[in-house]
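Taken verbatim from TrEMBL:
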type	residues	note
TRANSMEM	92-114	transmembrane segment
DOMAIN	93-377	domain 'ABC transmembrane type-1'
TRANSMEM	134-157	transmembrane segment
TRANSMEM	208-227	transmembrane segment
TRANSMEM	233-254	transmembrane segment
DOMAIN	316-569	domain 'ABC transporter'
TRANSMEM	321-342	transmembrane segment
TRANSMEM	348-369	transmembrane segment
REGION	570-624	region 'Disordered'
COMPBIAS	576-603	compositional bias 'Polar residues'
COMPBIAS	611-623	compositional bias 'Polar residues'
TRANSMEM	640-666	transmembrane segment
DOMAIN	647-941	domain 'ABC transmembrane type-1'
TRANSMEM	703-727	transmembrane segment
TRANSMEM	771-794	transmembrane segment
TRANSMEM	800-818	transmembrane segment
TRANSMEM	884-906	transmembrane segment
DOMAIN	977-1210	domain 'ABC transporter'
Amino acid sequence: MLPVYQAVKPNPLQDANLCSRVFFWWLNPLFKIGHKRRLEEDDMYSVLPEDRSEHLGEELQGYWDKEVLTAEKDAQKPSLIKAIIKCYWKSYLVLGIFTLIEESIKVIQPLFLGRIINYFENYDPSDSAALHTAYVHATVLTVCTLFLAILHHLYFYHVQCAGMRLRVAMCHMIYRKALHLSNAALGKTTTGQIVNLLSNDVNKFDQVTIFLHFLWAGPLQAIAVTVLLWMEIGISCLAGMAVVIILLPLQSCIGKLFSSLRSKTAAFTDVRIRTMNEVITGIRIIKMYAWEKSFADLITSLRRKEISKILRSSYLRGMNLASFFVASKIIVFATFTTYVLLGNVITASRVFVAVTLYGAVRLTVTLFFPAAIEKVSEAIVSIRRIKNFLLLDEISQHNTQLPSDGKTIVHVQDFTAFWDKASETPTLRDLSFTVRPRELLAVVGPVGAGKDLQLLEDGDLTVIGDRGATLSGGQKARVNLARAVYQDADIYLLDDPLSAVDAEVSRHLFELCICQTLHEKITILVTHQLQYLKAASQILILKDGKMVQKGTYTEFLKSGLDFGSLLRKENEETDQSPVPGTPTLRSRTFSESSVWSQLSSRPSLKEGTQEDQTTENVQATLSEESRSEGKVGLKAYKSYFAAGAHWLIIVFLMLLNAAALVAYVLQDWWLSYWANEQSALNITVNGKGNVTETLDLNWYLGIYSGLTAATVVFGIARSLLVFYVLVNSSQTLHNKMFESILKVPVLFFDRNPVGRILNRFSKDIGHMDDLLPLTFLDFIQTFLQVVGVVAVAVAVIPWIAIPLIPLAIIFFILRQYFLETSRDVKRLESTTRSPVFSHLSSSLQGLWTIRAYKAEQRFQELFDAHQDLHSEAWFLFLTTSRWFAVRLDAICAIFVISVAFGSLILAKTLDAGQVGLSLSYALTLMGMFQWCVRQSAEVENMMISVERVIEYTDLEKEAPWEYQKRPPPTWPHEGVIVFDNVNFTYSLDGPLVLKHLTALIKSREKVGIVGRTGAGKSSLISALFRLSEPEGRIWIDKILTTEIGLHDLRKKMSIIPQEPVLFTGTMRKNLDPFDEHTDEELWNALNEVQLKETIEDLPGKMNTELAESGSNFSVGQRQLVCLARAILRKNRILIIDEATANVDPRTDELIQKKIREKFAQCTVLTIAHRLNTIIDSDRIMVLDSGRLKEYDEPYVLLQNKESLFYKMVQQLGKAEAAALTETAKQVYFRRNYPDITHNGPVVMNAFNGQPSALTIFETAL
């Protein structure tokens, strides 16, 4: 197979020079492209050779294998952490030196700042030596600043790369393991868990490497700062340090509370999204049953619980952010209050050296150090989970070569198998059979009889499962069959590929594909379809996992065995529980089929299956997801805030923010003012001899305390209010979106895949609940601080405004330029990530198939290719953000330089306090400005989520649920349906799927509706239920359906849908969501459909919670529940969408019988694929490409050799056709000439109007 991605651009980093590497110049060409047009996948640079998934994975795998071996020798448990350390310690240690240098510079910087301020305190215009020294200090300060700017980003880039390497290597190992898991191991884990390892657990490695070095750098830096402060201001520094140390446990406490709330919230969110998923997948049924209100209440109550938890955790986060914002103020306040109260005199140099030193240590100690601890503990948990997964059992690798001389045979002797070693009862017992080339063995038996087919695990053979899910059931089956035939193996195991398609296609597949193409091969076919048994060379009949009989078709006929009865099971119990490791997820991944289409290496079968192209879902062309290009409009922000609170509150919030900023700046300004007053006093006193006068302490300290308190109060109030408004807004928009989704026409759900709609409710709402408020608040805080810094600098040195203006212009141009590219890189990163997951989940679903085809190596390579593609995007994501950051810090460095040298040039007019304030503020700008810009871009990115949600709040609506004009409660009394020239299309621009349909269905009439796939059978029902508005008129009992509300219409017709849908919740809710019936009525209905015992055996009887979408019931049982719903509704009109495709004949028979009994007085419309279910109808409608071609009694239609119906019956083969014609004849005579009893050779089965199976064959012979 070809490599998945070829001919990528070579990576320019490989031969970039030092300068280019430091400033990330090698990325410039990429930005130029991004500026001109959207970036596409082929613009990305190829992965560096040392970052390739295969290389990294095999390297780490080697260390891990060694570790496992040594552990086995020493009888210990192997440690994955050891393997990781052995693999990566050298390269990571080098980065530690970077950390050391960087943190040292941060500690040295404030000392030079102090020296500069000293010069101003002892300012003497005549002393030129002092001025020179000051210039030297200023130069050192700016060099430090520049050095920091460059070093920091290089360091960050390399640690993030280290994280990426570890993550990629882990993913490779996890996937490799998944391909080799044994059956028992698969039972212990689920697809969900493995996907979770790949999506969440490995992401911890990306973060842990960033902070790991701060585990030792943090405490070291704290010690160094304490020593320096002690030298500056003596013992008072301990007061400040004490605050730092108190804040640490406080923050971790809030963090713990937060994570416990987070897990509770996550549980609510999961339930809400799962329910949402069911609503979207089952929306057709919900609409036809008119159950929207019940689900609306359910979702609303779930969402309310979720939001109350989210608000609480948001307030905690708000407190945490606010505490971080005011911490520096409290630390400085504690230090200097102690300092002054101990009788010391405040000076500007001491104040601002302390402020800056605290600034350096506070980041490390209160942000990076706790983050390091948190990320390390998270990573250890993840590593433990991955280790447990890597230690699961693998299947033993043994390669058996089959003889190549065409002498292959399959011989099974006394074979017993279990799905799971732990279960007592074997799935298969004592099987023995032999199949030779050119033979077809058919395996039949009732549901749960044990025809599952993984008995042959190796060798040159082919398994066809019947789980794919992009296509209609029928198309799935055909793709699978074709896929197997392409493989050209010697042995074919076919697992019921024929049941999902209609009769004609099924016959076509059987004759052309199974009988002709596979003619030379050994073929084993498992089937429910009895009409093909006569072509089999031998037949094996299973029941309860035992072999009942084995023989040829003619032998069975002679022994007078009744095939039909074989497929009935005395007590219909639940279906065989789904196989561990064949996930029951019916996820709609397109990737699986596309992977296989790449595998089809043989030329396609020309005479293979001709697909009937006219499927009914033509109208559901999937529209490309609208992705808003460029900027987020102001309108989005406006509606976002408006949804959150009244505009008065918004205005109040703005004022609060302004107040917080003013208090923040004033608190520092007061210190500098105090220091200036103090030094002015000292100077005047010095003239009259050395008596230090003290200022009025109470006044200065009092105002200082007041300002500190104001800063704290405003800071916290602002945080909480922002969270309140934004979370509220998320709640409002979610409800609006949900309401609008419930009222949108069904077409919308055909056009938009489930995932896309669900994404709005999961990812986008998740962003709005969680990340957006946090990022928004963070952005507001840092933005206001930046404004404060610049304002102070301009106030102190007005001419700073001159360089500021060009810097600001450069900054805005740069930001715009960067965002053009970064948006695309981010998009590419997320689009290249999804193939990794979909490849994993489709591999897990097709695991048996992959092993049977011996394709593990190929899939591993494919996985590595997907990983490498994602690494390309991730690499660009890391480097582009660093490119921008370096340039931003350059702007800040220029600002610092101009403040430092500017103040020296203007030394005459400035006092020490002002210089200290403006310089220390300018230094804080370094990291902060950058963070501010990054958060602003983040906010803008996340506002896209808001835009997407708002887009879904006003979708087009279907007709109202209730009109003023309500039909009488007893309507429809007769159940007469009249179609008068009805045209029907799913969308305005779509093709007509019903054309000029005119028909009258009389009261109590039973009508069968037949036609090929895509003839418009289901569309007829859609028109009746007004799932889209029909043209022309449909009357039910003299009321026009278009003149009443949708609920009034839909509640009066019962439907038994094609795919039986159960919703998570209790059985009770599933039968009667509005509590309209008594328990007795519900039990009676369950009794009618023979589910009473099954439900009574459940622990909570009718109030037992069902598994997700009722997966603990078999398809047949779910179908019976749908029948029970219809029985409960007691409507005059029943519509059955042929639900018998995947149901064994016994359940089918039960359903048919109940319908004849319970609905004798109703008008019944049945859409049928199997003609025997409707041959005894009063009349039959034959549709062909949307037109009504024939409409008459079945027997009358069969008399006309030209009729479509006659041709359809003939296609079933002679025997079946004769039997059906006979039945039709009997019914016709019984209905029209009841006094003449028609004596024929066929004995009728009393209850279901079908000849017994045995007699059919006699007629056939």
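Each Cβ is built from the backbone N, Cα and C atoms, and glycine gets one as well.
Just so you know, TrEMBL annotations never went through curation; they're auto-generated.
Between the transmembrane segment (640-666) and the transmembrane segment (703-727) there are 3 or more Cβ pairs closer than 8 Å, counting only residues 6 or more apart in sequence, so the two stretches are in contact. Taking every listed stretch (92-114, 134-157, 233-254, 800-818) in turn, the largest tally of C-beta pairs under 8 A with the transmembrane segment (884-906) is reached by 134-157. Of the two recorded stretches, the transmembrane segment (208-227) does not lie close to the transmembrane segment (703-727), with fewer than three CB pairs under 8 Å once pairs fewer than 6 apart in sequence are set aside. In this chain, the transmembrane segment (134-157) does not touch the transmembrane segment (233-254); fewer than three CB pairs sit within less than 8 A of each other, excluding pairs fewer than 6 residues apart.
Taking Cβ pairs closer than 8 Å, the transmembrane segment (771-794) reaches residues 314, 317-318, 321, 325, 657, 660-661, 664-665, 668-669, 718-719, 722-723, 726-727, 730, 800-801, 804, 895, 899, 917-918, 921-922, 924-925, 928-929, 931-932, 935-936, 938-939, 942-943, 945-946 in its own chain, all 6 or more past its ends. Sequence-distant residue pairs (6 or more apart) of the transmembrane segment (348-369) and the transmembrane segment (800-818) include fewer than 3 whose Cβ atoms are under 8 Å, leaving the two stretches without contact.
With Cβ pairs under 8 Å as the measure, the transmembrane segment (321-342) is packed most heavily against 703-727, out of 92-114, 703-727, 800-818.
Counting residues 6+ beyond its ends, the transmembrane segment (800-818) has Cβ neighbours under 8 Å at 31, 35, 790, 793-794, 880, 883-884, 887-888, 891, 894-895, 898-899, 902, 933, 937 in the same chain. Long-range contacts of the transmembrane segment (703-727) within the same chain, counting only residues at least 6 positions beyond its ends with a Cβ under 8 Å from a Cβ of the stretch, are 307, 310-311, 314-315, 317-319, 321-322, 325-326, 329-330, 333, 336-337, 640-641, 644-645, 649-650, 652-653, 656-657, 659-660, 663-664, 666-667, 670-671, 674, 768-769, 772-773, 776-777, 780. Through the fold, the transmembrane segment (92-114) approaches residues 137-138, 140-141, 144-145, 147-148, 151-152, 154-155, 158-159, 162, 209, 212-214, 216-217, 220-221, 224-225, 228, 232, 349-350, 352-353, 356-357, 360, 364, 916, 919-920, 923 of its own chain, all at least 6 residues removed from its boundaries and within a Cβ separation under 8 Å.
Confidence annotation: the domain 'ABC transporter' (316-569) carries a mean pLDDT of 65 in the model.
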